[in-house]
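Q: Can you keep this structure in mind? I'll have questions shortly.
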Amino acid sequence: MIFALHGRPFKEDNIPYVQHLLYYLQKKEIQFLINESFVDYLVQCNILLPSFFTTFTNKTDLGKPDLMLSIGGDGTLLESATFIGDQNIPLVGINTGRLGFLATTPREELEGSVDELISGSYKLSERTLIKLISDEKLFGDLNFAMNEFALTKRDSSSMITVHTYIDGEFLNSYWADGLLVSTPTGSTGYSLSCGGPLVHPKTENFIITPISPHNLNVRPMIVPDSCHISFEIEGRNQNFLISLDSRAEIVSSNIKLSVKKEDFKIQLVELKNYNYYKTLRSKLNWGLDARN
């Protein structure tokens, strides 16, 4: 089997776990394909690398491994998805980060998790992506996001107005710091911190969430992911910031922007002990009470 590995810098206490992961994968005779920048970081951490491995820097170099392991937190997993794109490579997150809604495999359970991956004892959860359409070639071939599309003011000056349309029909003019369109997967991310609802990843919806709206009557809205959402932007500053997950670009107010569901999905690995509702309870501390 061939495993691709991608990661970001992690805290020092994760070094023994990452070293053990590499050792155990070698023991199981797994072939390695490691992101080139991650190799450089592992060398800096004095982590002993496999005796033989190849590297990749982009989707073309990646080829077709059996699995991709994302070593980090949710942000690392979102970045890993950009290497996979439409190739249907199963993606699993080894959590060396903090919260871990998506990177759900604990570092303490590496051997058992690797055994499940090798034996194929896991399920795949198809995750919808959101695609950006614009009259400029923004983000190149990576014009999709697993969590959310964000349209925000560029600096800390006055708010912006985002005129929003669904399938050509006017929805609302949001006077706010910005606007989010999130996938169900992204409902536990930026949207949640802006007051958006939790939406199960198997539902076929998008969540439109204003960021700090001036009108307190404006609330998040759930719409079908079959719709086409377009925007017109106004503001004192003629430049604005748009982002797809953690990738951002500056655009002018005269640009035409819209989003819709991407044609392909990301295959997220769910191991035997994974439970979506348990993850919500543990990560959001549901049921905790100082009186207990």
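Heads up, the Cβ atoms here are built off N, Cα and C, so glycines get one too.
Pulled from Swiss-Prot, these are the listed features:
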{"type": "ACT_SITE", "residues": "D74", "note": "active site, proton acceptor"}
{"type": "BINDING", "residues": "D74, G75, N147, E148, D177, T188, G189, Y190, S191, L192, S193", "note": "NAD(+) binding site"}
Q: In the structure shown, which of the recorded positions D74, D177 has the fewest Cβ neighbours within 10 Å?
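A: Candidates: the recorded positions D74, D177. Fewest Cβ atoms within 10 Å: D177.
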Q: Say we define neighbours as other CB atoms within 10 Å of the CB. Which of the binding-site residues N147, S193 has the fewest?
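A: Sparsest of the binding-site residues N147, S193 by Cβ contacts within 10 Å: S193.
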Q: Cα-Cα, whole number of Å: N147 (NAD(+) binding site) versus D74 (active site, proton acceptor)?
A: 10
Q: Would you mind reading off the Cα separation of D177 (NAD(+) binding site) from D74 (active site, proton acceptor), to the nearest angstrom?
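A: One finds 24 Å between the Cα atoms of these residues.
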Q: In whole Å, how far is G189 (NAD(+) binding site) from D74 (active site, proton acceptor) when you measure between their Cα atoms?
A: 9
Q: Pairwise over D74, G75, N147, E148, D177, T188, G189, Y190, S191, L192, S193, annotated as binding NAD(+), what's the top Cα to Cα distance to the nearest Å?
A: 24
Q: What same-chain residues, at least 6 away in sequence, bring their CB to under 8 Å of the CB of S191 (NAD(+) binding site)?
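A: Within the chain, S191 (NAD(+) binding site) has Cβ neighbours under 8 Å at E148, L180, S182, I207, T209, P220.
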Q: Would you count the other CB atoms within 10 A of the CB of G189 (NAD(+) binding site), including those on all shown protein chains?
A: 23
